[in-house]
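Here's the structure we're looking at; comments come further down.
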């Protein structure tokens, strides 16, 4: 390689001088300038230039020969591809030689000569801007790219070169860019090239047909002459890259970018893009392409390559009906998603599947020929699923099998050792030694069984074609052998155990078995299952190369981080296994010893005899074992939190972030730190004192806060640097803030205000270590990208000063004034000054003698303006918008980057200020130019073209306020009738001129898309369509509800330094030795802190903000260090080249990638990118903080997590990560949610446990013990169950601890950042505001949303909109939203707890009452003004109306609608027929799979009811007081449970015929249907109550038995209803015609068509179920209302409640609503009427329970039938 040309530029006119022929590129052609005449190019459209017809482009003859058509091809033919794309702006083409870039859109400002200053001739660039442009023009003509796309990519590449070249030589810049995109060690293209084994394809050469040789992935050694090994192939690749000319390098990058830019949704499949690029590149280098003269028409690439792929993607999820997209009802495992498409290109076998329409394979053509055949590929035959995302909990088993093994197997070892009585022989007290060893050793068998189950489940998720299944089969066989070794000996020992002749063989066998088991458990628990038998992570075989490259190239951790990681997990599990053994297992041994052998005497049942009831104690023991196992799991999470917090605190001390550094020091040293850390002083000649430079920065920050009204004038005076004259010398005086800061913040800023928080964070963040900044002109360019759908842009005046509805009670402005009183005050003062000034100019001001009265100022204080002139109202609107979640806030916050860059540039380059001394305009222009060159801001406004007038005006206002803001949007151009519309990605900014004709701005770029890009959930598609408009090297992804601050923006150069690309090596990445300097994994994502700016809005806001503080700051601090952080916050910075060559910044398959951003993190991690977390930078982030919105957010997180569990990323990470990193990943992400599920399970299992133990306590005589724990003699037939009660106390303590630990991280975080006092106050506030209730409730919501998502799918939640936290929701809304997820379960548990309390009272149960009741009432407790009497009664009226609505007319909100919606999850909807008005209410949700329904809706309810019935039968199996045997409890339960259903059926049948005959007669009476419905509902309620009373009478008024009976009855009825729904119901109509038909008797004319005959039968079953549900909801609603009645009578409850919710003093609280006299009269009457109704209903319900209890001895019926049931 000695002959390598030097990196000079021998001949500037010939970029190919001393070109070396390389094995990679054929010697390049000479470059002819003649072919690209600019005038000819710009006028080239179908009419003027004779073009070849499209047949010429397609290789239809199949011979590989190019056959030109006659030049006279008909114009129609040509038009098919050569659409006339109107140029959007005058193209900046080769005309620039005429001097001056005046008209060009790229020139930043007139007068600045160079658009790309770092890429200029004097810096010795390898090729000039014009030559680069010629390359782009040439490629565009050869491949038919769109001109606008080409101009966009040219600008893109130039910005990239400019950004890189500003900190290294231009040659090196081009080299490193080529290395990043195409040929370097970390370039995705190079990785793919070897993974798909294309080097073999290219090596076989064109002499014989290459495709046939390699259809199997090659195992290690194929020793043809050319392919010695992978290493030599890599070396050859490097040499080829090394000897390429700079021209060729640039051409390759340009070609890649052009292919990528028009890819549309194909960009989500990065390896498919690589394949397209490779075919294009091979074709370009063929003589055929080089000799072609005529340009290919514009748009051919889009039409022939991209659109067919796009169509395939779209048709997977949608069908197009009359131009509208209709979602297909398919779940993920039937949809071939982006990932499946992408994985086809990973393997040679996949590429071999690509077939053309004539049946030949693409790989059979020579590489250079493949491009021309792209138009003939039949993509429908090519793709298949590579991983099945089936909905099932089996994913948890496969992905996290190591977690289950570590817990369940160890639990088995512990427990088996501690329960010898269970497996002791009948006649002995203890088992023999071999038996003990062997039984304990079965833990290994348990571990092996888990592995076997996981392996079998894995078979169903992976297609068994190719080479996926081979290692699974091997593994399965091996596991069966291990199972025989770990389980077999036990069988042998059980057989020989009782032999009389002793021998040592069984003991030896048992001990060996035990040690094999331990080894097996450790092996299965530690080794990733993907690495057993065929190591898919580090195996050397070529067949694993692809999956290694794309799913397991984890970046290496540094040695200290790796040690920290291993230490953390050793500590967690060490502590856990020790504590669990002593606290859980050994304390469990005494209950086991007591219970294992106990048989209950003296009980019998009519049918079962003693079979069931004598075994009640073992049944209870079995449930206790399960309980203990659940606690065993919860323990680990507890220890994880404790140790992570400890490590995190350690890290924060190490980083210097804690409060314990004295404040005084933080502030006094601040100026020095600003100078040292934020200013790039290494290259400045220090003419100025540091003090001068720092003062400019500091004053700018303070003034920006003053402008945001955070500080008043007085404060500003004390914070600024002042110039003072002493004896004619000017000196700078430091502000008192730095010189004598006593730590009393009130002197300098408003107490507890935003300014204080920002400055103190800024000060403390400067204490940490930063990367050093580069000078401004050398810093990399970056882009901020904000996806925007329909979020508020700017609040309108109407929204600010009008109430939204009666429930809000307050205008937005009032609300904001109360949250930010100081800032409002400053704003008003400012406005007054402004109005006085303008008043003097207008001459409207009266003589100065009149003193303005205070009344004149009132309008200012109320609404912030006095005259409604737009400039004043706009100020108020902006003030409010900046304190609400608006896009304006985000844009103005992020635009601080531009301010910061200008500021830093001015401060660091004083010579510039001198140069433009008198000319501020030119100085400003120079600064603007720099800011514009280094920072771009793009908002992707998906709906911009469809905005209404107000939104248009607001967007226009943004563009006028910030002309550098770029807006990318989608524009639709309707096609000819019947064909689809064309969509364009369009970019405009504030400088774009307005088109006179349309009134819209003229686009800078207008790129046609293959079709509608929004195929997924929207956000990621929106980001993807705008990503082609980013510029520079880095991207910051921001949501439309964030904020940023000037002082944070000053740190931008330090943050970008975290990517470790500032000090790049000056070696070539391809050189023999130089390439080693580029081997470190690139940094893909730099995460930063988020500050939730809605923190101060009461208790819920604080909980949400606290969660974010711990989740977004504390845990990542530790996790990022040990390599477990994925993308979790939004202000994350991304390495744009890395992410965009690997499938974009987020994933986009609909439903599956609901939390799109976390997938970006997983992709980055598994494809070799590092993820860092920086503590010293923060962005603001808004959260919705009403109760409903927080829970919606949690539901979204939960369902999103459910979807993640299904995803292939989890599968790869879970089965391939090494143990310590797997644990970091698991506990950092899914573990939190699985822990929530287990917490809820622990409550449910515990309820069962105490139910069973309660039955024992109630029915059996418990032995009394003396002080030594010996049974006192003289108690015949007693049972010693006292250890069991001790165990229960322990259990309650454990569950309590697990809940309590949730508050620990937040407390410690506060302790660290704000000190002890603040932390205790915050914790106290939380407890006084009942936040534990909210914790319990939100845990249930999380758990429920994940489980229902894994079972039924459909991320379905009902949005509650973005109100504030002050809106009062009515009882019915809350009930219908939370009944399914939480209230029903809560109420069932209340019943169980009621029984437990009666049967087994211990004070510890109070805690459980608290948690269980909170599941039922939490939504109402956190509802503002819930306990206001009149509102409460009006709620009751609304509840009654809601229960009875919707039977004669369709109502949007009614009980019937709610009931229907909740069952469609199981039945699904009928396919859409004709448009029907109410069909819009229902989304398109796939129907749940039959297996899921079978388990969750049929078998599980049946099991539950069995468990409860067994408990009831046990209680009833003892003789009654008179010694008579009870009649069979089964019959009694059966009659009472099935009775109401039969009664409903009878009533409904009768009513059906009545309405069928009367309905048509009573046609004119509108209310007929409602009356019929009312009769039906009333009768069924009566039936239910009557059956209950009858049952209570049968129980002879014994309360505890009755409760137990009711529990089992409810379980049976639930099972019956679920089975009826699941088994007998066909799909739902999307409208409620059948319901109204049923009650009114009119079945004709309802659009039911031929199903009008079958529908009544279906509706009959529906109505039977609905009746039972209706009556139970009616009773439940009343029970909840009764629970909430007592607080209403507390005096001042409303005030107290509001204080609790909002943390505002009563004086600060929001006034009650004002009603007109008429409204008040109306309300009073309603309240009076319904209070009476309420009292009567409550009295009736109470009477049914109280009266029988009071008069139990008087009421006696003699009834012979009753005696027998």
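Each residue, glycine too, has its Cβ placed from N, Cα and C.
Nobody curates TrEMBL annotations by hand; they come from automatic prediction.
Checked against TrEMBL, the range among 1460-1484, 1535-1559, 1610-1634 recorded as transmembrane segment is 1535-1559. According to TrEMBL, the feature transmembrane segment maps to residues 617-634, out of the candidate ranges 617-634, 671-688, 689-706.
Annotated range for transmembrane segment in TrEMBL, selecting from 1674-1693, 1694-1713: 1674-1693.
The range from 1348-1371, 1492-1515 that TrEMBL describes as transmembrane segment is residues 1492-1515.
Per TrEMBL, the stretch carrying the note transmembrane segment among 1265-1286, 1287-1308, 1309-1330 is 1287-1308. Counted over residue pairs separated by six or more positions, the transmembrane segment (434-456) shares fewer than 3 Cβ pairs under 8 angstroms with the transmembrane segment (1234-1254), which leaves the two as not touching. At the 8 Å Cβ threshold, with sequence separation of at least 6, the transmembrane segment (476-495) lacks contact with the transmembrane segment (394-414), having fewer than 3 such pairs. Non-local neighbours of the transmembrane segment (1492-1515) in the same chain are 391-392, 600, 603, 605, 608, 612-613, 616, 619, 1248, 1251-1252, 1255, 1258-1259, 1351-1352, 1466, 1529-1530, 1533, 1601, 1604-1605, 1607-1608, 1611-1612, 1614-1615, 1618-1619, 1621-1623; each lies 6+ residues outside the stretch with a CB under 8 Å from one of its CB atoms. Packing against the transmembrane segment (507-527) from elsewhere in the chain are residues 401-402, 405-406, 409-410, 413, 433-435, 437-438, 440-445, 447-448, 450-451, 482, 485-486, 489-490, 492-493, 1219: each is 6 or more residues past its ends and has a CB under 8 Å from a CB in it.
Secondary structure of the domain '1,3-beta-glucan synthase component FKS1-like' (247-359) per DSSP (helix as H, G, I; strand as E, B; remaining residues coil): 72 helix, 10 strand, 31 coil. Within its own chain, the transmembrane segment (1674-1693) has Cβ neighbours under 8 Å at 1371, 1375, 1379, 1383-1384, 1387, 1413, 1416-1417, 1420, 1426-1427, 1429, 1432, 1436, 1439, 1443, 1577, 1581, 1584, 1734, 1737-1738, 1741, counting only residues six or more beyond its boundaries. Only residues 6 or more beyond the boundaries of the transmembrane segment (617-634), in the same chain, are considered here, and those with a CB under 8 A from a CB of the stretch are 407-408, 411, 415, 580, 584-585, 588, 591-592, 595-596, 598-600, 1235, 1238-1239, 1241-1242, 1245-1246, 1248-1249, 1252-1253, 1256, 1279, 1284, 1287, 1291, 1294-1295, 1298, 1510.
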